[in-house]
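This report concerns only the one structure given below.
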Amino acid sequence: MTSSADDTVAALASGAGRAGVAVVRISGSRVPEIAAALIGGLPSPRQARVCAFVDADGVAIDRGVALYFAAPASFTGEHVLELQGHGSPVLVDMLLARLLELGVRLAEAGEFSRRAFINDKLSLDQAEAIADTIDAGSSAAARAAMRSLEGVFSREVNALVEALIELRVYTEGAIDFPDEDDIDFLGDGEIERRLNAIRQRLETLRGQAAQGASLREGLRLVILGAPNVGKSSLLNRLARRDTAIVTDIAGTTRDVLHEQLSIDGLPLTLVDTAGLRETADPIEAEGVRRAKAEIEHADHVLLVVDDTSGLGCDEQALLAEIGNRCPVTVVANKIDLSGAPAGLRRGQDYEHIGVSATTGAGFDALAAHLKQAAGMNEDATPAFVARRRHLDALSRADAALEIGHERLVVDAAGELLAEELRTAQNALGEITGAFTSDDLLGAIFSSFCIGK
Ligand code: GDP
Ligand code: ZN
């Protein structure tokens, strides 16, 4: 990005196309002179003024409302002028052309938000939350994004950073004065107690962030089960079209099939796999190997069983193998044959949902269950929205604290603990943008829309 502090930029901030009103936003130090040329001077800050937007000859291009926000009390922290004109693409183009003539540059994607971040108006995760608010695929995702925007996530991250700094100072003090008053600071348990409290808090935050991320990015569901139980039929029913091959010959889906879909705005990636069974056929064996490999990348496994026979030994073994690597829901298919009721069955080790891929019975319950798994339940939406990069930073912080704990308890090495505390602090700083690189900022803001 080539922007400099005195570079003034403009863009259409409202949606493209014809509409009642179009909003053009201008931000930068040259806003006062632009206002002088375009609308005969700056309006009083935060007071709507109705006026003509004029060309070089003083002829009106459009007439509308001008709003001025003086630096630093604006969205970007710079002088901002907002022009609300008629929602005509032609008039908007003429107005932007006039602004270019006045030396304004067209804003790049996310440039207003980037300027807001650079001028300390927003933390990085708050800036991301703006994009997430706009892109929200469901009301739950929108509510969570709003809470991120209000700073719920950054406040908790900052509180953890504070606690880490305090502990580092304390630890470094313990290193510098190891035998002060004959007290063993490193060994008295206080450092470990504080460290454990921080780790616990981080663990809670990770759980919330994981929920917030699945709300935004959806779930990756892997469908497993023996041949012919109805995996492909289930996928087709969920996707409502015939993508996977459904046949009576066991083992037709030899490879792994991906399908993108959304349930009430929750993005889902469904992965259909080959049937899991012991086999001598090398091609089929490869399919089974790939199916098992998919478990590693799953957010949730749907284990499909034929309800006329139920959970067999192979399925029990598979459940044991998955263990607590990811949540599993047993989908008891073909209830039209077994005669069992549709929907959630209580009192099982694993959650069982009775469905029929043929009749569609039980699919409402299955959809509700998946929404709940992704944090879309009405009464308990996630505390905030999060992204993969946030989860990654949280897990790096967690790993550093785990190593730090070992250094303290096993090696009694205070310096090494302090180093890990710093690593954890930097990882957390990447979330809010306290600690970041130009590359990261470029990657984040370029995915925003123009005008935001
Ligand atoms: P997969 O091998 O697990 O992918 O199973 P398929 O989806 O290919 O289905 C195998 C056979 O079971 C096909 O003949 C389907 O029509 C049939 N089938 C799938 N689901 C149901 C169901 O809910 N009820 C009944 N009666 N048949 C089903
Ligand atoms: Zn199949």
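The backbone N, Cα and C atoms fix where each Cβ goes, glycine too.
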Checking TrEMBL, the member of K371, K452 that binds (6S)-5-formyl-5,6,7,8-tetrahydrofolate with R25, E82, K121 is K452
With the fewest other Cβ atoms within 10 Å, the residue among the binding-site residues N228, S232 is N228
Restricting the binding-site residues R25, K121, K452 to those with Cβ under 6 angstroms from ligand 2 leaves none
Taking the centre of the Cβ atoms of R25, E82, K121, K452 as the (6S)-5-formyl-5,6,7,8-tetrahydrofolate site, the remaining residues of that chain with Cβ inside 8 Å are A13, S27, S74, F75, T76, V80, F112, S113, A116, G451
Spacing of the two Cα atoms, R25 ((6S)-5-formyl-5,6,7,8-tetrahydrofolate binding site) and N228 (K(+) binding site), in whole angstrom, works out to 58
Candidates K121, K452 (binding-site residues); min other-Cβ count within 10 Å returns K121
Expected list for ligand 1 (Cβ under 6 angstroms, binding-site residues R25, K121, K231, K452) reads K231
K231 (GTP binding site) sits from K121 ((6S)-5-formyl-5,6,7,8-tetrahydrofolate binding site) (Cα to Cα, rounded, in Å) at a distance of 50
